[in-house]
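These notes are about the structure you will find just below.
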Amino acid sequence: MPYIESILAREVLDSRGNPTVEVEVYTESGAFGRAIVPSGASTGQYEAVELRDGDAQRFLGKGVLQAVKNVIEVIQPELEGYSVLEQTLIDKLLIKLDGTPNKSNLGANAILGVSLACAKAAANYLNLEFYQYVGGVLPKQMPVPMMNVINGGAHASNSVDFQEFMILPTGPTSFKEALRYGAEVFHHLGKILKQKGLPTTVGDEGGYAPDLNSNEEALQIILEAIKSAGYEPGKDIFLGMDVAASEFYDKKLQKYVLASENNKAFSSQELVHYYETLVSKYPIISIEDGLDENDWDGWKYLTQKLGNQIQLVGDDLFVTNTQKLAQGIENKIGNSILIKLNQIGTLTETLETIEMAKKASYTAVISHRSGETEDTTIADLAVATNAGQIKTGSCSRTDRMAKYNQLLRIEDQLVEAPFLGLKTFYNLKK
């Protein structure tokens, strides 16, 4: 039987060169699982706590030796002898062992590493792919990639307020073709930026980070790239934005200050009207974190205005948390949730959040973090849960491409798994 024999942990580096936690679980049967935990740059106030050492002499205070120590000295002795097939029980034990509502005692980075490594050991024991183990007979759909081709905000050093400008290839009939569409647009975008004398350096998530004059200019250049690649905006490819509004919300003014708009301060309603204008001018199908995570009245207004027309994704708003999501569902706020494993800290809680979203007809978007690794868990998770969408960066940087390449492998294995394209947005009425 796959009883846990030992759990190892170590400090490794993520795509930004910052430390993160890697966990390995070994069982008496010989089954083995490994997981590496990602890390975010723009983090929600209510996320589970990522434990950092705070020792300025090591990695500028960002070391994770305490989290590693917690895995080896606290978690391992408690889990020895448990079967890795008992995922729900293991995750409950991890939560109980931590004893805090936000996992601040042991650290969500320690807990998630163990949770995922146990699940991967279970898949290894059963000789299943990870998506097969998590999804059972359910995996039947390949996700639409939400590809972040222009980075701004906290993910880049430029004048663009909004954090991500994405392309969503919905026109193809396979994931393979969708990825090709995205890659071609990305390369055409690079050529256009060069022609305009703009840099083609990339941000944390692999998208270009040009110094543009406005957020709208980013949309215009992306449209130009889509057309240059031979595709039709609003038919073959749609646009999406991660505004990350909490990053430019001024709590004292209670306004949203856009640097690219000459530091103009917008009220919640004014910002919503700004979005309405953009949606009327451009083929935008998704806006993430359009308002601050605590601006629930603003979110309600945003949902009333645009909720039937486009996908309104809550990231910092919901932080992959069933309590937060339930509150949003009850108040009819947003219509989609971003799913980030390390926001909540265990596989079980993540799956519970996805299930809650689907029951309420909210879409679920499986997402990476800006600090990623070669770990491809989220690719499998997107297929396992039939999420229909995955957000894992642009077409550069191996930490991003690793997920796309894993999805190509999965599509080959599933053979007949459909790519639903625009039908993925099943809760939009217009």
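Just so you know, glycine gets a Cβ as well, placed from its N, Cα and C.
Together with Asp242, Glu288, Swiss-Prot lists one candidate of Asp297, Asp315, Asp316 for binding Mg(2+), that being Asp315. Cross-referencing Gln141, Gln163, Gln195, Gln220 with the (2R)-2-phosphoglycerate binding residues that Swiss-Prot gives (Lys340, Arg369, Ser370, Lys391) picks out Gln163.
Between the alpha carbons (Cα) of Lys391 ((2R)-2-phosphoglycerate binding site) and Glu205 (active site, proton donor) lies a span of roughly 10 Å.
The recorded positions near Glu205 (active site, proton donor), taking a 10 angstroms Cα-Cα threshold over the set Asp242, Glu288, Asp315, Lys340, Arg369, Ser370, are Arg369, Ser370. Closest in space to Glu288 (Mg(2+) binding site), of the recorded positions given as Gln163, Lys340, Ser370, is Gln163, taking the CA atom of each residue. The distance from the Cα of Asp242 (Mg(2+) binding site) to the Cα of Gln163 ((2R)-2-phosphoglycerate binding site) comes to 6 Å. The most densely surrounded of the recorded positions Glu205, Glu288 is Glu205 (count of other Cβ atoms within 10 A of its Cβ). Other residues of the chain with a Cβ within 8 Å of the Cβ centroid of Asp242, Glu288, Asp315, the Mg(2+) site, are Gln163, Glu164, Val243, Ala244, Ile287, Asp289, Val313, Asp316, Leu338, Lys391.
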